[in-house]
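Q: Submitted below is the structure of interest, expressed as structure tokens.
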Amino acid sequence: MPKNILAEMGSQVGLTPARQNKKEAEEWARRQSGPMVNPSFEPDDFVPQSLSPVKDEKKKPGADKGIFLVNMKEKNLQEVEEYEPYDNRVVEHPTTNTETLLHLLKGSLGTGILAMPHAFSKSGYVVGTIGTLVIGVLCTYCIHVLIDSCYVLCKRRKVPSLTYTAAAEAALSEGPDWCKACAPYAAHVVNAFLLIYQIGSCCVYVVFVSENIQFVLTKHFELEVTVTEVMVWILLPLVLINWVPDLKYLAPFSAIANAVTIVSFAIILYYIFREMPNIEGKVPAGKIAEFPLFFGTVLFALEAIGVILPLENEMKTPKAFVGKFGVLNRAMISIIILYMAMGLFGYLQYGNEAAGSITLNLPSGTETLANVVQCLLAFAIFVSHGLACYVAIDILWNEYIGVRLLNSSHRLLWEYTLRTVIVLLTFGIAAVVPELDLFISLFGALCLSALGLAFPAFIQSCTYWYYVSPSERIRMIIKNAIVVVFGALGLVVGTWTSLEGIITKFFGQGYGHGPTLNTTVNFNETSLVP
């Protein structure tokens, strides 16, 4: 099993501090001789002096004892400042700025962009356009915050790179006392959200592939098949593609899928503009009750937080990733514009009839070209299932299950059993409620509100907690608290709304017409603008 692609270089985040006294040296030696689970994160009773902030001995008794001032004359802190993580990275095959830009664009283009017209049908064309822009800017800001925090943590720990999970654990270990107590669990929390997101993405892919194939079979070939039946047909191929032990074997298929996706998007745009879109019958603002579905869908579509750090860690010139005209800003500007255009013009063309995937609005019953697009994208997303499921398998196997079976004679059997079980899990969830739009909104709100918004703000607060002045800390807390509250509200309200829709579908009632409290009747009819 290859190493964890989401945690590359993540286990070796330790640092041997300067032996400033015999006691510290003995303590460090004792810890190094023990189990090497997470050697760099033990904030409770032992913090190497080379990493800990220095107390200002001149402060009067009774002053704020929780605030430490950094003494820049301290030798070891000078060494931390002089350490440059980017200059110490050793990457076997570093990527150029252009390659990183293309990878980032590729990681953000998928089923999410195809669901944007449906998202706009929930928000309206004015609110949808503004909302997509605001959410996109906020996501970009949080990515900058995460990268900056990782860079600072790398300098302090004198390591070339950190993964998301390692950065979360390192940040909490340097935050206030109550955060230090939570630090050992930070990696597990982040891994849990990553795992749920990847499995959720796989469920979305299963539904997408099955719906598009079923649409072609029923509309073009006039066969009577259901989406669930198509899921059963593709189950064995899904299992087989997820038995592939190394991503390099999927590389040729991935390259083909990328080319297919680009061609398919061009054809979809042709259908959108074949007849000029218009605003007749379209609303500028939708219902407030349906806005969480829009929020979750846009987050699912825009957010590529899982690939940001791995891409930045593999760059030949990582300093070019950030900055006003860096790779990240150029990519995100392109992505936001593309998503706004697809959502806006797709909604203006198809209105409230916009399906969970715009491919289902194409005239496949009468035009072969539309059938070709649906089949091509079904193939591309089928390959993406193997990639997304690989990440979920990698997290579970390399960090939780495989490490406990190192001496087992049936280790390989257990690995392939895990691969099969995860595929069956994604198949089962998708088969129970095959609703593409609700799945996208659910996992966008549930996972990406936390991974893309709340966690980066929280990580920054802990990273700089003892390294800024009291006034700067207050400003930082207020700013990040707003982001965390916004992410938490999106998580709770978006998840609740999506689950309510799924439950309604599960019980066989039309979405939006299930039983609701009397107090919500008028609320559901309230528009987002007067």
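Numbering starts at 1 and runs along the chain as it is shown here.
Placed from the backbone N, Cα and C atoms, the Cβ positions cover glycine too.
Note that TrEMBL annotation is computational and uncurated.
So TrEMBL has the following annotated:
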- 1-60: region 'Disordered' (REGION)
- 21-30: compositional bias 'Basic and acidic residues' (COMPBIAS)
- 93-498: domain 'Amino acid transporter transmembrane' (DOMAIN)
- 125-147: transmembrane segment (TRANSMEM)
- 189-209: transmembrane segment (TRANSMEM)
- 221-241: transmembrane segment (TRANSMEM)
- 253-273: transmembrane segment (TRANSMEM)
- 293-311: transmembrane segment (TRANSMEM)
- 331-350: transmembrane segment (TRANSMEM)
- 370-393: transmembrane segment (TRANSMEM)
- 413-433: transmembrane segment (TRANSMEM)
- 439-468: transmembrane segment (TRANSMEM)
- 480-499: transmembrane segment (TRANSMEM)
Q: Any contact between the transmembrane segment (480-499) and the transmembrane segment (331-350), i.e. 3 or more CB pairs below 8 Å with pairs at least 6 residues apart?
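A: Answer no, regions not in contact.
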Q: Is it the case that the transmembrane segment (221-241) and the transmembrane segment (253-273) touch, counting contact as three or more CB pairs under 8 Å in which the residues of each pair are 6 or more positions apart?
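A: Counting Cβ pairs under 8 Å (6 or more apart in sequence), the transmembrane segment (221-241) does not reach the transmembrane segment (253-273), since there are fewer than 3.
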Q: Counting only residues 6+ away from its ends, which parts of the chain sit with a Cβ under 8 Å from the transmembrane segment (413-433)?
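A: Cβ under 8 Å, 6 or more out: 1, 199, 202-203, 205-207, 210, 228, 231, 235, 238-239, 242-243, 385, 389, 392-393, 396-397, 401-402, 405, 439, 502, 505-506.
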Q: Quick test of the contact rule: Cβ under 8 Å, at least six residues beyond the ends. What residues does that give for the transmembrane segment (253-273)?
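A: Contacts of the transmembrane segment (253-273) (Cβ under 8 Å, skipping residues fewer than 6 from its ends): 106, 109-110, 113-114, 345-346, 349, 358-359, 362-363, 369-370, 372-373, 376-377, 379-380, 383-384, 386-387.
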Q: Can you tell me which parts of the same chain pack against the transmembrane segment (370-393), counting only residues 6+ beyond its ends and a CB-CB cutoff under 8 A?
A: 5-6, 110-111, 114, 194-195, 198-199, 201-202, 205-206, 208-209, 212-213, 215-216, 219-220, 234, 237-238, 241-242, 244, 247, 250, 253-254, 256-258, 260-261, 263-264, 267-268, 271, 306, 359-360, 362-364, 418-419, 422-423, 426
